[in-house]
Amino acid sequence: MAGPDRKPVSSAAATTPAPSAPVVLPKTSESSQLLKIRHSMSHVMAMAVQQLFPKARVTIGPWTESGFYYDFDNPDPFTEADLKAIKKGMIKIINKKVPLERVEVTRAEAETKIKAQNEPYKLEILEGLQDPITLYTLGEDWWDLCAGPHVEHTGQLNAKAFELESVAGAYWRGDETKAQLHRIYGTAWETPEQLAEHKRRKEEALRRDHRRIGKDLDLFSIEDEAGAGLVFWHPRGARMRLLIEEFWRQAHFEGGYELLYTPHVADISLWKTSGHLDFYAESMFGPMEVDEREYQLKPMNCPFHVLTYASKLRSYRELPIRWAELGTVYRYERPGVMHGLMRVRGFTQDDAHVFCLPEQISDEILKILDLTERILSTFDFNTYEINLSTRPEKSIGDDAVWDLATKGLIEALERKGWKYKIDEGGGAFYGPKIDLKIEDAIGRMWQCSTIQLDFNLPERFKLDYVAADGSKQRPIMIHRAIFGSLERFFGIMTENYAGDYPFWLAPEQVRLLPVTDEVQPYAESLLDQLTQAGVRATIDRSGDRLGKLIRTGEQMKIPVLAVIGAKEAEQNAVSLRSRRDGDLGVAAVADLLRAAESANSQRAAGLGLNG
């Protein structure tokens with residue numbers, strides 16, 4: 001873990017009370033016992049399903065980081081009533097302490113057993129397995145192709161620490177042209193207390209769901225008529241996006257970057273040169289023909305920055321060159337994987353590319369780490385998980401350059417003082433990289449920033465610079481994204497704040513609540529003053545009673561509600577209610593203006609006025 005100790009801004013309490021003592025919820029990959037429990041529970045579920053639904057054919061049933069699932073080919077979808085019946089069947093199996101045993105068989109024996117059970121999907125799985133073939137039996141009547149591991153018997157599973165959570169559609173092998181299956185998701189833990197904490201966190205995650213908040217606060221939408229995965233930013237959301245972009249640009253100018261704007265499409269020949277058609281074609285939208293030339297929407301900004309570099313002769317004296325762009329890219333995503341702002345087909349990537357000398361790598365990476373911390377901490381992301389991925393077996397590039405690049409990344413992380421894990425051999429074939437995950441207010445980790453060295457594109461595009469001795473040399477190219485996708489970051493940020501955005505970022509910062517018609521002119525005058533001061537303010541002109549005015553403002557999560565009555569109008573003041581700080585009492589208009597301007601300039605969470 002790394003990053004400052006400053007705590008994330010708190011938001012409204014969860015609807016379900018947290019336990020008095022914290023309950024640790026390990027991931028499956030962090031606990032060998034939990035892995036066995038969840039893997040075994042998926043088998044128990046499959047056995048219970050086939051006992052209740054003899055026509056159901058089994059496919060695969062792996063563990064996940066928070067539970068397990070199993071995909072079934074069944075004539076009908078599973079209902080809520082079915083899940084309850086399946087759970088009862090699972091409890092019976094658990095209580096019987098049925099043994100799970102590993103058995104090695106020949107391929108012919110496995111094929112005979114599979115055909116006897118009429119399990120066509122298992123037959124297909126068998127074709128891809130290498131000898132020896134292992135089965136796990138669950139009692140005498142049920143078995144599955146499986147490498148394990150599992151618990152010794154079902155009595156080691158806690159019947160009070162699991163739940164069947166939901167049903168979803170899936171395709172065999174993830175291929176939409178193949179059979180549609182029915183997936184049952186479940187979760188399993190060692191103790192009932194862990195299950196209760198898991199449920200509480202799920203409930204809290206639902207409360208924070210950016211899709212619901214985006215609709216409630218009128219921030220964005222995805223319109224079916226336009227197409228899946230294409231985001232419409234509404235005025236309130238667009239205002240927030242503009243604030244984020246303005247801060248991003250300012251931070252980059254101060255960090256020594258210049259900005260680029262590049263096209264949304266390019267001739268197909270560019271994508272051939274870059275290698276995208278060889279390695280990324282499935283994620284690209286198909287070509288369009290214009291004036292007898294084929295064009296494709298860009299899935300990445302990198303080749304455009306490379307062409308900009310290649311547009312003129314470069315000298316070593318110019319390096320490092322730092323270019324950044326908020327570039328809209330388009331990637332084909334299958335219908336089943338799109339999710340709100342988190343997974344879309346058109347999004348804005350905050351791409352930057354640094355072209356530098358080999359000896360400049362460490363300094364440039366450190367500058368990127370500093371800029372990353374500055375930007376992420378402004379949105380109250382202060383705890384990071386960092387992975388350094390090194391050279392894989394199959395790679396391109398000179399050994400000395402790989403060593404220099406990897407040492408440069410390590411040196412920068414050490415100079416920054418950030419802890420990191422090394423993923424040996426986990427880098428791309430064209431260079432080592434740093435991946436940074438951010439932790440949100442409820443402990444979830446999100447992949448966010450990436451720093452990637454690239455020895456591939458400079459070679460493909462024959463990039464060079466004139467060295468001090470007059471020779472032509474290849475520059476080092478560093479890809480870098482801090483937000484990654486701006487849309488995805490907006491979704492993560494929204495869930496982190498639960499829609500209670502800090503004052504500087506809120507789409508509507510102050511709402512004026514005149515309690516009578518007589519004070520309306522005063523409210524209009526105050527609105528002008530706030531607007532002139534750069535404060536995003538509105539007046540509620542509905543004429544509702546004060547209680548409803550306040551409730552409406554709170555539902556829209558307005559940071560500051562300013563109540564205006566006759567007394568406030570006479571005193572050139574307002575009565576302030578802050579979502580963050582509660583009742584602030586009566587404040588002079590001059591004090592409100594001063595506090596709001598200061599909060600905006602400092603990108604502060606609240607007004608800083610004391611009640």
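Glycine too: its Cβ is placed from the backbone N, Cα and C atoms.
Listed by Swiss-Prot as binding Zn(2+) are C302, H353; the candidate from H43, H150, H153, H479 that the record includes in that site is H479.
Looking at 1-25, 551-575, 576-600, the range tied to region 'Disordered' in Swiss-Prot is 1-25. For H353 (Zn(2+) binding site), applying a Cβ distance below 8 Å and a minimum sequence separation of six or more within one chain yields C302, H305, V306, R322, W323, A324, M477, I478, H479, R480. A helical conformation is recorded for C302 (Zn(2+) binding site) in the three-state DSSP classification. Around H479 (Zn(2+) binding site), taking its Cβ as the centre, 22 other Cβ atoms fall within 10 Å, counting all chains. Cβ neighbours within 10 Å of C302 (Zn(2+) binding site), excluding its own Cβ and spanning all shown chains: 22. Mean pLDDT for the region 'Catalytic' (209-502) in this predicted model: 94.
Secondary structure at H353 (Zn(2+) binding site), as computed by DSSP, is strand.
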